[in-house]
Structure formats: structure tokens, C-alpha cells
Amino acid sequence: MRFPRWLLSDRTGLVLLAVLMIIGIGVPALNLLVPPDHPLHLTAYTVTLLGKYLCYALLAVSIDLVWGYMGILSLGHAAFFTLGGYCFGMYMMRQIGTRGVYGDPVLPDFMVFLNWKDLPWYWHSFDMFWFAALMVMVVPGLLAFIFGWFAFRSRVSGVYLSIITQALTYALMLAFFRNEMGFGGNNGLTDFKDILGYSIHADETRIVLFVLSALALAGGYLACRWLVSTRMGRVLVAIRDSEDRTRFLGYRVEQVKTLVFTFSAMLAGVAGALYVPQVGIINPGEFAPLNSIEAVIWVAVGGRGTLVGAVVGAVLVNYSKSWLTAALPEVWLFALGGLFVAVTLLLPYGLIGLLRRRRETAS
Amino acid sequence: MSELIFEPEAAGMHTPVAPVDATHGILLYLEGVTVSFDGFKAIDNLSLYIGDGELRCIIGPNGAGKTTMMDIITGKTKPDAGRVFFGQTIDLLKLDEPAIARIGIGRKFQKPTVIEPLTVLENLELAMSGAKRLRGLMTTRMSGEERDRISAVLDQVGLNEQAQRLAGVLAHGQKQWLEIGMLLMQEPRLLLVDEPVAGMTPAEMERTAELLKSLAGNHSVVVVEHDMGFVRSIADQVTVLHQGRVLAEGRLDELQVDPLVIEVYLGGEDAHH
């Protein structure tokens, strides 16, 4: 097998892929093959936690593509993540069937509770796995396309665009909180039972979800890495650094932006869809503006415009969060804010930038 | 809609190939162009003709409308009145910036604008005409013919040795030449060059003069410049703009003795700008 040059010259990326391969095989082995009383055994809880980190990492990669390379600071990317999650949650809700509290074969519990008689039209077909799996990308992609079409064509950019993306995710949060929307109001979607007939509580299903998350991250990374190494990648950098120059060179800047923004939203949607079955719930709180801002901080910490940095940042910050919210819960937000300020001031290229600088001074 | 954008033409990645018709010897027509911002007439009934293959210098005090004129030609600003034609047939007022760039009008900004994190070679590749279709963008390779075109331009602007260096580390003058090189990669018929020698050393100025003179003939070149010495070294025809209109037109030595020109520009406060 011959590797293309764009992949071979990407050293940190190869390291990332190797690590993903090792944990993609090692984590399931430590869970399934090592007996539970052995010190090296990984509990299902840990596997799921790691799987969650991988989903966050894919979200971070999608943000880095638009922010790090194209200069669009989206403070609403968690909206695409959450929409993907809702799409897959709808599939799992429809799989519950008569096992719900009210035992209605078609309507999810919350609809019975609201006295609804029929399934809303947009819930149709979500009982089919392939359809839900498609919508996981189509719904976030369509929203991003429409949003991008209007925002980029009107040449909204910089901080104004960031504020609009915040408003977008906030508006979605408010809308999804309403029971009338038909997405379970503030409780969201939960009480999932199975996917394609496999119980989501079974260790084996959790392992499969973990491996799929690792594969999705690897695939998303490769797609973004390839894109930024093509001529298109150079156009993205040109748009980031001098939008006018790029336009006067004959590029339709707004269309390139819309295209890449849409692709990025689809990746975020996939991340959300893999996240929801692992945590077992999706509710409107995931649309909270703070979530999107946190995701941007992961990218900044790891190193903007490096893709690998996005993965590193997402995993490290979330690991610290898991640890700190258990040890000193009230400190977390201050720590997060402090981290962002520190990284912005001291490490403009994040942790990956620090590594590169080390290597350059060493050689 | 989502299908449309994957269509190269709908995505605007297609290069229209309407050949410009300059059979009457004139490449660019501006007729009765007026544009005002908040009541202030930046361009006031301006008429200007640029010949095919001509090298024209445009001078004028600050606020004379030089940059606004470039904005109008390149589609950034739409005038309130007037006609702007490229050759006999192409109405520039109906096109937007990327379309105007693709029919063969290249613009160099006053501040050198190159993409600093990319190498010199990548900057030229970025600007290459024909590479802008969607399919052309989705590649990591360069064809032999494309390589030849880039190395020809590298020769022309004298940046052969710097091809693999990052544009950000180039000297000021080299950045200006790179940007001119990027315009050449677009295969333009008309080059609009805004203050090319601002901040250059005398040696760099001399090379720039030679470069611009070598481009005339195959291309029409319009240079906006403040530096009189530089204008004298390159241009046969000079247009003086003042308050958004043409004050005088002719050879520089004639203009320098024109009392009107002396009053508003050459002898005035702004002469040293």
C-alpha cells in the first residue's frame, strides 16, 4: 500500500492516527478480555467516557477547519453537534416502541403525556436507521448551508458573524425548550433502549460505539487534512488572511465559505450523533452558548490551524474538566476562563505550537 | 440548492472566456462616471480611456479619487451614474469582483497583500487562472504545464531564488513583486497597480520600473503613483485627477509646465506626498 504524500508529510497526524488505532484496539481489549478484578481492566464507564472525548475531539476538528484555516470564528458549532445528536436520538426514541412507560407503539412517552394523537410529520421515517444516519449530516448541513448562504453573501464577518452564530445556537435552545416543538421540551430525549436491536447498555454495544467514535474521528481528521493540503486549503488560508485579495484573484469567497462551513457542520453532526447514545440523553441544554465557546477554547488550547491540536485540546481540557468538576466543582469555570486567557497571551499557537517551537530550537 | 453548489459553474468556479474586444485600440472606457459617499462626490463625471497595451500613470493629490476609481473598475464600488466598459462589449458594471478578475483585470493593492503563511510558489499557484474550478481546487498536485507557467512568472518578477520561501519573510519590495507576479498568473489584459514603489529603495524602484515597462505592450498597465521621479521613469501618458475628475492629460513634461496642474498639485502642498 502506498501512502499519498500529503499524508506522509503530516508527522503529527500520523502520530494521532497511530494513537487512535492503538486505543481503538487496546481499549476494547482491556474491557472485554481482561477480567474485571484485574487492575488493568477498563470499566464500561471509562470506555464511555473516552468515547465522549473522541466525539468532542471530532467537534473540535470541525471547528478548527473553519476557524483555524478559514478564519471564521463560529461560536455556535455546538448547535450542529446537538442537532446531529437530536436526529440520532429521534431514531432511538422510535426504537423504544411499546417498552415506554405508556406503552404506545408509535408515540414517544412525552407525546402521549402531552396528549398528542399523531406523530408530527418530521418524526416520520426516523424509525429507519439509514434515514436517521443520513439526517445526522443533512440537518446540520442544511442549517449551515442556509445560514452561510445569507451571512457570507451579505459579507458578514469577524466578530459580527461570531455574535450571530451565538444567537443562532441560543435561539435553537429556546425553541427546543418549548414542548410544542415536539422534541421533548426541557427533558429532551432519553430512556433509550437499543440501536438496531442491540441494547445500548450492553458492554459490547458501548465498545462498538467507542470504536465507531475513534473511526469517525480518524475519518474526519483525514478528510480535513486532505482538504487543507489541496489547492482549496490554500484558498482557505488566503480567505483567512486577506479576503479582499482572494476575491480580486477571482475566487467566489462566499461560496467557498458556505461550502466548507456546511462540511464542517456535517462533521459536527456526526460527532453529536455518536455522543448521544454514549451519554444516553440529549436535551436543549446542549445548545447553550457556553458549550460552543468551550469547544472553541479546546481548539485554542491545542493549537489553532493544526487539526491535531484540536484533538489534543479537546481531550486534555475535557479530562481536566472531568477531574476538576469532581474535585473542586465551583472552580471549573474560572479555570476554563483563566486557561483561555493564558493560552491567548502565552501560547498563540497552543500546545502544538509549543511542541513545534521546541523541535525547531532543538534542530 | 445544496446540489447546485457542487456544480462547478453554479459555484462560480468557472472562468468565463468571453474574449475582450479591443479592436478600436481602447481597452478600458470610463464615461461620465459619478459616485458620491454621503453627498461628497468622490468621482465627478469622470471620463477616461486606456489604450490597448498602454502604460498610463495616474497622479493627483490625496482625495482626488484615484483609489475610488480602481474600486469602480474592479467592481468593489458601484457608481451612481456613468458607463464602464472593458473593450467594446463587456459592461463591467454588471459584474462582481471575482468575475471582473476572471475576465482579465488584475489589481495590486497599495499595501502589499500576499498570503504570508504560504510560500512564493503557493501564492502564484493560488493566483493561477484556470485553477479556480472546483475540480481544479481538489488536487494536491501540479501539472508540468502549470509548473512551467509559474516558473516563467518567477523569472519575470525575479523571485526564482525565493520560490520555496514563505511570502511573509520576503523584503517589502519582494512582496510587491510577488503581488505583481500573482496578477500575472491571472493572465490579465489590464493591470491596475496602486502605488507600487511606496517604501522601496532606489534600486528596488528601478527594477520595478523595468518590470512595469516590460509588461506594457502585452498588457495595459495603469499605475497610480505619488513619486514623480518614478512616474517620469516609466510613463509616456499621464493623467492628473483632481476632485474626482480629469484635470489634465498628456506627457509629464508638458503637464509640469501647465499652470492649472502646478496650482492644484505639482506646486501645491501635496507635491511631496
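A Cβ is built for glycine as well, from the same backbone N, Cα and C atoms used for every other residue.
Within its own chain, the transmembrane segment (A:12-34) has Cβ neighbours under 8 Å at 40-44, 47, 50, 203-204, 207, 210-211, 214-215, 217-218, 221-222, 225, 306-308, 311, 352, 355, counting only residues six or more beyond its boundaries. Residues or ranges marked as transmembrane segment by TrEMBL: A:12-34 (among others).
Annotation comment: TrEMBL describes A:40-59 (among others) as transmembrane segment.
The transmembrane segment annotation in TrEMBL covers A:66-92 (among others).
For A:128-152 (among others), the entry in TrEMBL reads transmembrane segment.
TrEMBL lists A:159-177 (among others) with the feature transmembrane segment.
Within the chain carrying the transmembrane segment (A:207-228), a Cβ under 8 angstroms from the stretch's Cβ atoms is held by residues 6-7, 10, 13, 16-17, 20-21, 23-24, 27-28, 31-32, 47-48, 50-51, 54-55, 57-58, 61-62, 64-65, 69, 198, 200, 236, 260, 263, 267, 270-271, 274, 277-278, 307-308, 311, all 6 or more beyond its ends. The transmembrane segment annotation in TrEMBL covers A:207-228 (among others).
According to TrEMBL, the feature transmembrane segment maps to A:256-276 (among others).
Marked as transmembrane segment by TrEMBL: A:296-319 (among others).
For A:331-355 (among others), the entry in TrEMBL reads transmembrane segment.
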* **Proximity of the transmembrane segment (A:40-59) to the transmembrane segment (A:296-319), 3+ C-beta pairs under 8 angstroms** => yes
* Asked: Taking the transmembrane segment (A:128-152) as the reference, which of A:66-92, A:159-177, A:256-276, A:331-355 gives the largest number of Cβ pairs under 8 angstroms?
  -> A:256-276
* Structure fact -> Other same-chain positions with a Cβ less than 8 Å from the transmembrane segment (A:159-177) and lying at least 6 residues past its termini are 72-79, 82-83, 86, 147, 151, 183, 185-186, 188, 283-285, 287-289, 291-292
* Which residues, given as numbers and ranges, are at least 6 beyond the ends of the transmembrane segment (A:331-355) yet have a Cβ under 8 Å from it? -> 12, 294, 297, 299-306, 308-309, 312-313, 316-317, 320-321, 324-325
* Long-range Cβ neighbours of the transmembrane segment (A:256-276) (under 8 Å; 6 or more residues past either end) -> 51-52, 54-56, 58-59, 61-63, 65-66, 70, 72, 74, 77-78, 80-89, 92, 133, 136-137, 139-141, 143-145, 147-149, 152, 189, 209, 212-213, 216, 220, 223-224, 227, 232, 235-236, 239, 282, 286
